[in-house]
């Protein structure tokens, strides 16, 4: 993956490089809006990590110009401004995620992974996580390249979980996906989750429950 | 924003104009009527004099009154306004002894005159006349019959006199108004001098001069000057507080930075990779703590020094709680904890609050729970609804806080006796500030058998509030 880092603090730029290159990415770093703008014009980036306060302008202007051009490259904003208004403005302008400085490298890696996965899915029309692959066009699921036959509701559940790519899928979202808007018993969803859990056993994937919030399909950490 | 709404001078002038024209109208009416009365009186007495002169020249010859109208009487009647005059002398039977015009005297009037002198306004041949009739007992030698004498003239003289008198009154009045207006302008200038003085005083002040005003002002401006003084003193207090806070904050930031510096310095002086490693772990933790401290100091500063409640709005506490908890549960920091939500009320929980501040508050409470409980602890957030109050709570099954420290937890930099975590001790101070801003009571208590529970009681907003 080719990543563009626009960051004027050299220490941060270097640690981003050090963190993301070992994950198999090519990182190109720029310190000024103008240079970054020129590089973006040439295209070919899979993700942009954008700082807002740059020496020659505001990163949000760069983002706005990108989106006006119709450039849909995912953008992760990194900034020390953590006011809610800044956050909302960035997301309104078409940023895909927002990380306030200071951040932990682990947090950054997780966000970058999720964004890359999401843009990957958009391009090849497949939802993937680890050994699991969900083909959106045919609705077929494969686990370790072997087809996995699933009943309709488990299929809907899996699609819902995968569509969040590593984020928590809110319970309300899954419920309306599986059962429509009708009244459902409180543990109806749990029944399907536990069935799906059994099928995924030993695959390196697990469904983690967040009490009262939802579920997350995640890779088990070694 | 300052919006200029008319001018004091113009407002005063308008009031003055209204008053003067109101009073002026009344005065003019009075002057007009007065002029009319004066002219009437003057000319009526002339008529009386003329009648008397005529009466004195009545002679009796053979029991019959004989009359030669004296020139003086006609002179008295005729004014310089080319008036037409009239006289008539009637005997006791109402026959005319002498008359210059055929103007008839009504019989009623003749009877009236017999009782008392009589004034009468009539119209004859298209002109207004004023007549005066009077009966005289003319004493002849043989008879003693009364004669009636009528005199009169047209009204031009009276009108001219009344007009002249009225005109003079108007001129006097206008002169007075003009003079009063000029004096008023002068008075306004003099009266507004203290305001000008105050303005100059304020202009001369230095931008950072927050001292009390030193000005001589009239009673009417005292309130304004005092308000300004209060404003200055509030600004002074707020600036002092800000300076104090900045000093505190800088001190608080220096401490962990000093730690970072000394740890890295010591490590650099060594050659042992193992020492480097342990130093790096310390540096990493110290940096995390410092940055958290910085962001909490910022929120505290924003809460304490950005006043006003313009950002208060009606919001759904349940939706916000769900959103914030969802965000935190997905974070890396929550990976080792069981962070969850209790069953929330089905209906929206409407309260009046500042969205960013309440998010900050929730974030601090969750952050605290994550930092001060061991891995694997269960942390639950929820809302309990009373009739008027929504109680937001967060509880964990961690070690809790010693009972004697509970009271002090909301003080800045108090960490409940725990030095083993990355906490800054500012989290609950932030919570305290936000709760105060929302007029909400909050409480920390230990749970049985273990764990801590923080509750925040927010008043429910009824639909008619904004």
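A Cβ is built for glycine as well, from the same backbone N, Cα and C atoms used for every other residue.
Predicted, not measured: the structure shown is a model, and the values here were computed from it.
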- Which stretch does TrEMBL mark as transmembrane segment, out of B:173-192, B:193-212, B:213-232, B:233-252? B:173-192
- Against which stretches of its own chain does the transmembrane segment (B:173-192) lie, if we need a Cβ under 8 Å and a gap of at least six residues from its ends? 8-9, 12-13, 16, 20, 24, 27-28, 31
- Message: What does the DSSP secondary structure composition of the domain 'HAMP' (B:189-240) look like, as residue counts for helix, strand and coil?
- Response: 37 helix, 0 strand, 15 coil
